[in-house]
Every structure is written in C-alpha cells, then in structure tokens.
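Below is one structure, written out as structure tokens, with a few remarks after it.
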C-alpha cells in the first residue's frame, strides 16, 4: 500500500476548492485513467478514525466546517471534502452537487453536517438504540412505554433527515444510500412506521423487522465496523471452502438417500393372533388393518417405537412382533432420508456433530451395523477435514490482517511516530527531574525506605501496561507525604525495618504459598453430607487463614507505607481479599454472600507466585483488549438473535405448547421470554440445536425455524471460530521461561536454602561415617558449591571428585541454577568392567527422551561423547549426534572397529582369551545376528499383530465357542514363549544394561511380565483377575512399528511443555468445582414416584421429611442425581460433561430446579443459575482450550523448526516421499496423451480433449445428481418409470463418452485412473439396467445403479477438470495424509486397547441409557463403535450413566448371564469414570494434533512460492495468441498492444487488466518504433510465473535455444530503450508540464492582484493547487513503481 505524502495544513473548503474539483473532473475525461491506478487510500485517514498527530492542533474555524480532503486518494479520485469534530474524528462527504445533493457551501447542508458530526448527536442516537434494544427484550410492557417508542421513532426519522441533507441521497460512495447501514436503517424505520400507523400492524414479520434496529450499534462504533469488514473479507476467502462443503454435503445427502431411504419407518409391529382375521403378507409388507400406536413395540421409557431391520446385523424384534414398514419417521418425522431436504438436514447435523449418537443408533437399528463405516467417513470429512479447512483459512486471513497492521504501524506516518517518541522522552525527563528534586528534599533516614518503595513500585509497573501519568498539584504531593508516607519515631523506623525484613525474606513467600495451598485444600474438602467435626475444623482453618492474610497486609503496609503499598496492583488485590473475608465473617448468617467472591480471589492469589499463570493472564488480558470489538460484536449478535427469536416464535411457543407436551406444560427450552430465548441461542452456539429445532418446527413450522437456526449457526460459528483463531494465535507466543517474577524467585531461593540445609545435614552425617579429605570437605562447604548442589542426589553428594570438578566449573562461570542436563553431566560414569563383547541395543535416540546419550559441557556449546561401557563386533556403535539429527530421529551406524570391544578384564571376571570367554563371545555374536536380522524382526512383528488380534476374539460369546477358546489358550502360551525367547536373545546379545536403558525394550519386558501374569492367573481361580490385564499386550505394537514411535515421540515433545498450562487450566476447573460445591452441594436430591419414575410435584412433597413419610416409601425414593456437586470429585466429573456438552442439559436442569439442602426441587426455581454454566463455558472451557491449543501449536512449530520445517509425525522414508509428492502436486505436470495420426481418431481426440466437452460431461453429472434429488420415498409409479428412463439415458450418454474416449485415446485410455473408474461405472451401470430386463429380477437395486452413476461426481474434484479452488483446497489433505495416517494408527491402537478393556469390565452391564443392543461392550465391534462415539465426544454420558448402576435398586448382582459363568449386570462407577475420562483426554490430545497437522499444512501452502512448470500446451497457446497480434510473422508487437496481448493469454501466463504497471516493471527491451520482440516477452512472462532460481535459468536458456531452432531467421536488432525507461520519460514530461502550469498560475495570480494585501483564502487556494499538482505527480510515479 502506498503511503500518503507529507501532511499539509488543514485548508477550508471554499468556492475555489469546488471549482478546482470540477475542473479536475473535466480533465480526467481526457487523461489516461491508469495514471492513478496505483493511488490507494491511506488507512490512517479513513473515515471514522482520528486525524493523526502530525496535522497538529485544530485551528479555530476548522471544527465542524468543510475542509479540503487531506488524503490524495479521495481528493484526486473521489472528489470529496472532509469535516472534523472536536474529537478530531474524520467525516467525509461528496463535494459534487448531483442527484438532489445540496452544495457543500449551502447553509442548510452545513448546518446538517454540524449536527451530524457533533458527538452529542451520535450519543443521542446511541442512547436511543440502547433504550430501544432494552425495550424490545421486555414483554408485557405498560401503555406509557408506547410514548417512549414513538419518541424513539421520531429520533430515528430525524436522524435520517439530517443524513439525507448532509450527505445527499445518491451522489457517490459517501451519500446516504451509498452506505449499506443506511439502507438497513431506512428500511427498519419505514417498516416500523407502517406497522405503527397502518392496518398492516398485525403482520408478525413486519413487527419482527424492528429487531434489526439492534444492529444499528455497529455503524456507531468504528471498531465494530472494522471487524465486520474483516469478517466480510473472511467470507470472501471462505467462498471456496463453503462451496466445497456444500458439494460434499449434497453428495453425502444423495448417498444417504440411496442407502437409507424409508428405512427409519421400519418398526416392530405386533403379530396378529390366531383368532384375528388379519393376515400378514410379508415381512416387509403392510398389514391389512391400520396399525395404531398401541400395536408397536416400545422400549421401557421410550417415546418412539423400536426400530428394526431385515439384515442379520440390524435390530431384531422380540417374540410376537414382526418388522414392517409402517408409521412415520422418528423424532416427530423430522429425522429421515426420505427426500433430499431431510437428508440434507441429517447430514448437516452430522457435520456439526449435534446429537449424532441418536442418529447412529437409529440407522444401525434399521439398516445394520455395517453402515457405521458410512458415519466414520462422514465424521472424517465433515467434523475433521472441513473444520480444519475453515480454521486454516481463518487463521491465514487473521495472520495476513495482523501482518498488514504491523506493516502499517511500522511504515506509515513516521512523523507521527517521531512525535510520540519525543513526547515520551519529555515525560520521562520531567518525571526523572521531579524524582530527583523530591529525593533531595527528603531526610537521609527516609531515603532507604523510599528507595524500597520506588523499587517495589517500579516492579509493579513492569508487570502492568505502561500508561501515561499526569502531573499532580504540589498540594496533593504534600498531602500524600503527610498522610500516606509515615515518618514517626525511631521505634517506628525499627518496626518498619523489621517488617521489611520479614516480608522480603524468601521463606515468608514460601510460607504464604503453603498457606494458600492449604486454604484451597480446605475449600476442596467441603462436601455433602459433612460431619460437624469436619465443619468446625474447616471453619477454624478459614479463620486462621484470614488472620494470616490480614497480618501479611498489615506488615506490608508498615514496611512499605500506604503510599508504596497501594502502588502495586497485587497489594490492592490482597487488601480487597482481606476486606471481603472479614466481611464474610461479619455476615456469616448470610449464606454464600462473600464466599463466591473470595473463593476465586484465593485462587488468583496463588497465581501471583506462578509465572505461567501471570504470563497467561497477561496474554489473555492483552488479547481480549485487542479483541474487544470482536467480543462486543459477538455479544450483540447473541442479543439480536435472542430478541429476534423471541419476537418471531414467542407467541407460537405459548399457543402451540400442546404440540410438544401432552400435558401442555411449558418446556424448559423455548423463546417465549428473553431469558429462555437467550439460553436457546447460547445452546445453539454450543453445538446443540437439533432438539430445539424439532420443537420449533412443531410449534412454528419449517419455513421460519430452519432459516433462523441456520443464520444463528453459521454467523455465530463464524464469529466464534474467528475469536478462537485470534486467541490461539496469541497464546502460541507463550513462553513459560520468558520471565520469572520476584515472588517466584523468592520461592526458588527458599527451596534452594531448604535443600542446602538438608544437604549440609546429610554431609555431616556422611562425614561422621567416612573419612573425607579435608580439602575436599572445605571445598564442598564453599557457599558457591552449596548453592548449586541442592538438586543432586545422595549418590552424587557422596562423590567428592564430582564436587571438586563442579567447584572448578562454578568458579569460572556465573552462579546460575543448574539445569537438569548440566547436573547429569557432573555424574561420574562407572568404569567399564565387562571383558566380553556385547552388542549395543537400538540407538539411544529411540529411547524417547533418554538423556544418557550425551551431555553438555560447562560452556554449553559442545557435546561430549559418552563412554561406552561395552561394544561388539555386530553392535551398532553410537556416534556423536547433532541436534538436528536427534530431532528427525535419524542415526547412522558406524563401521565395525576391529579392536572396539577389547577391554581389560577386571579381577574375578571371565577373560576374553579364555576358552569360556571365546564361547560366550560367539554365543553373543550369534544372538546379535539373530535379533538384528530383518526376517526375525518381521516375524516378531507378525507375531505381535497376531497376539494383539486374538484379544478381539475374547468377547462374551467365547464360552460358547469351545474350540476357539482352546485355540486361544494355546496361542497365548505360544506367544508368551516366543516373546520370552526374544527377550532372552536380546539379553544375551545386548546385555542387561543396554537392554534396560532402552525404553522400548522396557516396554517389551513389561509385556512379557503381563503374559506371565495372565498365564498364572489361569492356573488358579483366586488369581483369575490377573487375566484382565491382558489388554496391555497390545502396547507391544508401539515398539515394533516406526510410524507409531515417531508419532509417540512427537506427542511427548509437544505435550510435555504444556504441563504448566495444563495445571493452570486444572486450577481453573478446581475453582469452578469448589464454587459448584458451594452452590449446589446436597441440592440435587429429589423425591421420586416409584410407580411413574418421575419427580413428585413440589406442592405434594416439599422436603426430605415429607418424602420419607410417604406410605409406599419402601425403596427410599429420596434419590440424588448421578451427576452432582456434592464434592469436588463429582464436581470435576459434572464439569467434564458440561465441557463436552454431553449430559450437561440434565445437570443444568438439576441446578436451576434446586431449592435448598433436603428440599424438593421445583421447576425453574433458581433460573439464574444458568449464569454459572455460561461463565464456565466461557472462562472454564473456551479460554483454557485456547491456551492449551496455542501452547501445543507453539511446541509443534518449535519441533518443526528444529527438523528443518518438515513434518514431525512422519518417518524419514515418508519425508522423502512427502517431498516428491509435494513437487509433483505443485508442479502440476500431466503426461500428455499423444494425438493419433488417423484423421477420424484425431477429430475425436480434439473433441474429447476440448474444454467444452469436459464442461458438458460435468453438466451431465450434475443433471444426473439432480434426478436423485427429486426422488422421495413412496413415490408414484409414473415417477418411478420416468426416473428409470432418465437413468437409462444417462447410462447411454456416459457409454457414448466412454466409446469416444476409447477410440480417441486407444490403449492410452487405461493409463489414467480416472478413465478406469469411468469405464467400471459404465460396465456396472449397464449390468444393473440389463439384468432386470433379461431375467426379471433386480440383482442390483435401481438405487444402487444411481449411486454408481453418482460416483462420477468426483470428477468435479479432478485437477484441471473441476474448479481450481477445489484442487487447491484438497492439496493440504493429500500432503498431510501420511502424517494423518500415522496419527490414525496410534489412535486406533488406543481405541483397540480401551475396547478390549471395556469388553473385560463392562460386557455384562445392564442395558440402559447409552448402552443398548447396538452400542455396548459385548463384542469387539460394538466396543469400537462405543469408543468411536466417545472419540467424537458424543454419547459417553449415557454409557457412564449405565455403568453407574451399582446398587441393588438399579441392577441385579446375582443375575445369571446365559452361556457364561459371569453373574450380575452391575457396573463399577470408579472404573467407568477412570475409563472414560482417561480416554477422552488421550483421544483429545491426539485429535488436536491431527487438526494442527492439517491446518499447518494448509498454512504452509501460501508461504511457499508455487513454482509452476509450464507445459508444452502453455507455450502452444502462447504462440496461438501471438499469431493473432502478429499476423505478418514479424516477431514483433507494438508496445501499445502489449496490455491487450497479456490479457488475451491463457493462465498461467495470463495477466488481467489493469496490467500496464506490471508490464512496465518487467523492463522489456524495446526496438525502434516502440516494438517488443516475441522472445523477450516469452522469457519475461515465463520468469514471472516460475520465479528466479538456477532451475528457471536453465529452462529459460532451453526456451531461447528452442526458439532459435524453430525460427532460424530471427531478425537481429539493438534495443534502444526499455518499457520502464520509456514510462519514466513520459512521467517526467508530465511532471514538468504540470509544474510549469502551476508556475504560470501563480504568476497570473500575482499580476491580477493590484494591492499588496492578498486574501488569505486565495493563498490557500494557490498552495492547494501547487500541492494538488505534487500529489498527482507523486501518484503517477507511485503508480508506475
């Protein structure tokens, strides 16, 4: 972007100014418009922004008066003038008086402009809009409110009138109708007038339009306008992604129609009895009698009939019922695939992952479990790929916007930056001078204290954003010195010094931290029910902590004086905490008044001593301040949506409530009032919208509900995703080691002193037991040594030589804390005593993060080689490894050194020269060769897979398959023997030390132990539980496959540094859990009617005592909710369900119904408890999620940089394939098919390769997809016949295409995979159509023929055939596939392990809630289905709810399970909680990295310059266009035709107009007559497309030599100039002419004036004319540059 020239003065807009603008408009008609094409508006001078500082203060007479525009873009091109208000805000108006626009000098317009730009006018409109917005959210308003609404309407009409007069109706971009916001304002006002004063007021839609008035807040705030414009740019960038999403949505919807049309109507209908006359025709037919609801089979507590299917893996009906297609679809008929509309809604539901488990179960019941593959594919494409795509585009847009803002702030208005810098320097100098004067006036005794105060104050200011401080009056300074800086008697000074020593001592901070932690622990101990002893203990502890905090505050005030104390923000925070806690003691009778405030403050107080917490909070605060406009826009949108929904659907929810509930009682989720409408919108934005949409369609119809919900979902998610991207980007710069505050340093110092004291005591004890040399002891006792040995172990302390060596190192360097790697380098390695040769194990680089491989020297620069304890002829000898090699996990094996294993034998060991030594050596060499043989490794890998796979066979039916059970028992023993043998071989080959120093071998050893324990468990019945650990055998897969090793290493390296951030997030959750316990402990109990299973109404049972007095109370109906806040642990689990939006609705319902402890809940009694969950979702879920993901991305980028920019989740071999694939995809080189020499075949070749032919085929595919869209279930026979003939026509057309291509391409046809696919589609389609006609049976259903034809729709994604934007969006996925596949393998292994564990522990759990016939843990397939749901964070609350059944009232522990010896159907709550929580955390971590891989791959595409290789066809098309511009074959073209020639070329050589600036910048040689040679143009255009490097230079030389061969008679010429020089000459001539004209104008003005006094305004006009000339001159130069 071009910068504006030096700022000129503010010139009033006069008649002469208007004449100049009119003359300029007349001149522009005769000049070349491209001379001003490069002139762009300055972003610092945009309308709505403040005038920059370099323009100085506003002179008198310039405020609210028309001024000449200071931006050359608007002055030269847009013909505008500007107006400034008192706040220096820029307003721009059109100066041309056309289309009912008054002159800028008209008094009426000037008065309107003054009113429009006045801040009070803007404030009046803002207050009116806010008042109107508040009134709109209220219901049942009194009559006098109508007068206020009429007044507000009058204000809006007056505003429109003022704007029309000031701006004109339609005269340029700054007219009234030139602003879209004015269109909205005018429309809303017009409709409001119609509804207020016309008979049309009864129309609901006209009344609803008034709610758009809320959006009027946006144009009143420039920041909101900027955010809206940014989001509009994001939508432009997202256009391709939205189109791709709609394409996939349509394709999968059609696929769903073909697979599941009509299936959801299959229900279990009662079989007619023998005495009934009705008969059943067939299993899929209909009964002769009309089925009623009573005839269907319903599960206990189910609302809809049980679905079934006729496949063996589908749902089965109980005895006495048959599966028939009758009735309506489930969910009130809104869930189906019977037509394209409902199928599209179902696919959109899966795309947003809203309640997908219900749809899974419905489809699997009706169609079969095999269709779970369809949902896995849908989840990958929609929930993963498209989400990553949207996030990637938003991230790229945000990064570009941030980069542009940085460039503007760094490059624009340097004078402004210099002015600000000078002002800052003056302020600093004045403050320093004032400080020196104050110091001179003070007494010497107070200087030290004041310095401490200043030091603390400075420290506090460093932790806060710097703000400008205003100078205070002298009297105020005297008052401060007298009242807030205490100078009393010497006793007070001593007390001051004592308090200062106490509060600054490191142990004081450690003591405070311990007290805060204990205070938090005391808060976390509260639970329900709680004994009186514990309650009193917690109360006393709370009083003690309050006393400690109060003493701390008093000591700090004494030590620092009140003035210094309150200069630090943390001290102010501490004082507030103390005041609130003292208030809590005084108001102890008011329950929960101050607790909810003090509890968060205590947690925040702990964060004072944690640098990660402070850093994260600082980043969060700065980010939210920078994003305040975006947050405000999101709040406005939510408010608008709630009000709009309330106005649109409120009456329908009241009048048609009986359509939802049979008892006609109000629902929890509706839009009858603002609060419920707001919560409904909030629930929609949280991703749960389908259930409320069903209810909305029941009461208000589909026509309004679906558009409203789509608006809220799409716009709301766009705002949330953009906010998410910006916050994640901010946290990606987090560095925990960047700063350590004073309190943290004190804690480190205190811990170091404690460790030093403990070590000194240990040294004394050891010195009494051993005789330590005096010199060594003296050196150890040196303070520098004591300070740095605190982190060493007892074995290190016993090594005196280590201390001596460390003493020498520490004396030559600064006293810095010893890092872990440095401390390990100080440990003396044991001497090698093995005399026999051994083989080294795998490279230590594979030991995850084994830090024994190398150590850093004291200077930290060089790496030392570790001394090998042993070696072998067949061993892999580790060499010195660089950091880069370690990061990519590449290592080399050095060649065998003949004497590498020769070591001196120590006493008592086997000698190498002895006979036994040689035998042992040969045995070890043989074992080494065996274990390192590739065939042996493949055999072990195969055995590992077989061993892991057999675990899937041990389901609940294993006892019924006796043979399989026996085979598995023998297989377990065989596998155990093989792995034991392998371990023994490695022990012999590598030795124990090398074996157990490798973490992967440790894992193998653990698996062997698991094998042994499981085999032992089978021998005795009392040891049978040991067999349940067999699932750990699958962990051996990790050590056998390099891909999983790479992924696991990368996960560890990207996750471990986030531990501090994870702890911060955990503390936030602990805070919310403690608050939840304070709010809801013991309040979720309710009295249940055992006959109905529902809660008693509150007017029948009010509390626990009344419930227990009921006569039929035999089963204790006073029950607690399974998810509650009775203690911190339950609170964590409840918050996890809220965070995953699973089961959170029931938790919120219990919370808002809660009345009190031992009180019966009442419907929506505590409605405002919704705020607790809203705050948690924002501050406990959204923001911590941004923190974690941002830090993970930072670590991901760090590891990626260390590996040279390559992907960290792929192996070395895959990296080579990745580079090759990347070059292939970016090069976009396609091997052309040779054109046949036969004329007929050549004609067909030209036909099928023509673009029009490809377009026709794409249109045919789209038409064929349209024929599927118009179909529906139970359509008429005429429709069936029409569709059959349309399918036949499409098959014939596609067959004709296949024949034409076969004839044209010949054998080359089958070299393309796309052609092979088309050929197979044609064959299957013909077969599907002809078989029914020949044999009369449909072996291939007609719907399947349509789906086969539909598969051709993927041609739209074909590179070069479909839209290019689709190809660009698919590139990241293709490039990221290797990494995604590796990560998928790891997550599949995790799912496999957890599925086996679930089969062992939850196979016999009672089928209830989320566990049913389809989703259970009985078999491996069902377990994987359950875990797939949990992986997408859906449905795990229902499974956990079923596992919670562990009491006699909920399950039967003695139930006999047929076919097995296991009894009972109870679950284990503790095991279930651990199972699901651990799996959610692990799977979330892996999935987040999958998202990051794909997003980073997408972001890397624009950062790399796409160097495209031009093909022969590109050059052929170039010369084809050249022939049109050079028909005489002169090899030259006139320079005036160059622009048209560049615009006529085909991509990638194509250059769109305006392109003169780009062509001039190419600096093309020109011959006589302003002609340019063909070769020069070709070479320049090729270089523009392919870039500049050595490879391109070679290609250019080849092009030039090829051109010379093809044109041997090239005309030689000498270029006389270039395009750039010629343009510079023309611009220079124009500048000279304009300068001369300006000079002549000034001379004429001097001659005309007869008096020496010249009108000031005329001088301004003259300077304006000269400056305007300069602006135009600079604009012309900048245009060409």
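Using N, Cα and C of the backbone, Cβ positions are placed for all residues, glycine too.
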Problem - Candidate annotated in Swiss-Prot as N-linked glycosylation site, out of 288, 788 - result: 288
Problem - N-linked glycosylation site per Swiss-Prot (candidates: 282, 1647) - result: 282
Handout entry: Range annotated as transmembrane segment - as stated in Swiss-Prot, picked from 507-522, 747-762, 763-778, 795-810
Key = 507-522
Completion exercise
If one takes Cβ-Cβ under 8 Å and requires six or more residues beyond its ends, the residues near the transmembrane segment (143-168) are 93-94, 98-102, 108-109, 112-113, 115-116, 121, 124-125, 128, 131-132, 135, 174-176, 178, 182, 185-186, 189, 192-193, 196, 213
Problem - Contacting positions for the transmembrane segment (532-560) when only residues 6+ beyond its ends and CB under 8 Å are counted - result: 452-453, 456, 495-496, 499-500, 502-504, 512, 515, 518-519, 522, 525-526, 571, 574-575, 577-578, 581-582, 585
Exercise for the section: May I ask for the residues of the chain that lie six or more residues beyond the topological domain 'Extracellular' (1155-1167) and have a Cβ under 8 Å from a Cβ within it? Expected result: 528, 668, 675, 1081-1087, 1095-1096, 1098, 1101-1107
Practice task
Could you check if the transmembrane segment (627-655) is in contact with the transmembrane segment (1022-1040), meaning 3+ Cβ pairs under 8 Å among residue pairs at least 6 apart in sequence?
Solution key: no
Exercise for the section: For the transmembrane segment (202-220) and the transmembrane segment (239-260), decide whether they are in contact, meaning at least 3 CB pairs lie under 8 A, counting pairs 6 or more apart in sequence. Expected result: no
Problem - Contacting positions for the transmembrane segment (1168-1202) when only residues 6+ beyond its ends and CB under 8 Å are counted - result: 616, 620, 675, 679, 682, 686, 724, 727-735, 883-884, 887, 1050, 1053-1055, 1057-1058, 1061-1062, 1064-1065, 1068-1069, 1072, 1075-1076, 1079-1080, 1135, 1138-1139, 1144, 1147-1148, 1151-1152, 1154, 1208, 1488-1489, 1492, 1496
